[in-house]
Amino acid sequence: MPIILGIDPGSRVTGYGVIRQTGRHLEYLGSGAIRTSVDDLPTRLKRIYAGVTEIITQFHPDMFAIEQVFMAKNADSALKLGQARGTAIVAAVNHDLPVFEYAARLVKQTVTGIGSADKIQVQDMVTRMLQLSSKPQADAADALAIAITHAHSIQHSLIVAKQSDQKVGSDKEQILALMKTRYSRGRFRLKG
């Protein structure tokens with residue numbers, strides 16, 4: 001029953017979503033956004049680090065999933081996004097969490113079935129998949145979609161392992177070991 005923290009990084013708004021996976025069932029635990037003001041970038045990064053650390057302390061996740069960097073048209077924006085991602089990853093690694101990265105297109109494909117889905121489609125599907133009473137804000141929905149993508153990746157890994165007669169239970173350590181094995185075969189990017 002791993003708890004997965006998903007992060008949608010941004011230098012001004014960083015979305016987060018926390019779910020618990022029990023087999024194929026996903027349970028919503030919480031979501032929201034870390035908002036930074038128009039302060040200088042170092043202060044914003046400090047707030048992102050503190051916010052992610054607070055979320056980790058509150059929910060005690062077992063795994064950390066984050067969106068990969070994409071090539072932006074504006075180099076300055078891409079650099080700031082990369083710094084925000086790096087800050088969130090450092091917070092996770094400082095809490096000994098394994099870090100998994102997913103491309104935005106894969107996240108959208110996993111949640112909506114369409115790799116080019118817009119934010120509203122992602123919000124709608126996240127709301128349905130987690131049986132939420134109301135739509136989460138856009139950044140939180142994206143973070144939940146990242147966590148859902150990681151949960152689906154775990155489920156797929158377990159199915160493949162069982163089909164190849166590997167003995168894998170539902171123990172968190174066994175799941176993590178399986179995910180690392182998949183990474184070593186070049187199917188994932190894993191840090192930590």
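Heads up, the Cβ atoms here are built off N, Cα and C, so glycines get one too.
Database features, via Swiss-Prot:
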type	residues	note
ACT_SITE	Asp8	active site
BINDING	Asp8, Asp139	Mg(2+) 1 binding site
ACT_SITE	Glu67	active site
BINDING	Glu67	Mg(2+) 2 binding site
ACT_SITE	Asp139	active site
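Around Asp8 (active site), the same-chain residues six or more apart in sequence whose CB sits under 8 Å from its CB are Thr14, Gly15, Tyr16, Gly17, Ile66, Glu67, Asp139, Ala140, Asp142, Ala143, Ile146, listed in sequence order. The Cβ of Glu67 (active site) has 24 other Cβ atoms within 10 Å, all protein chains considered.
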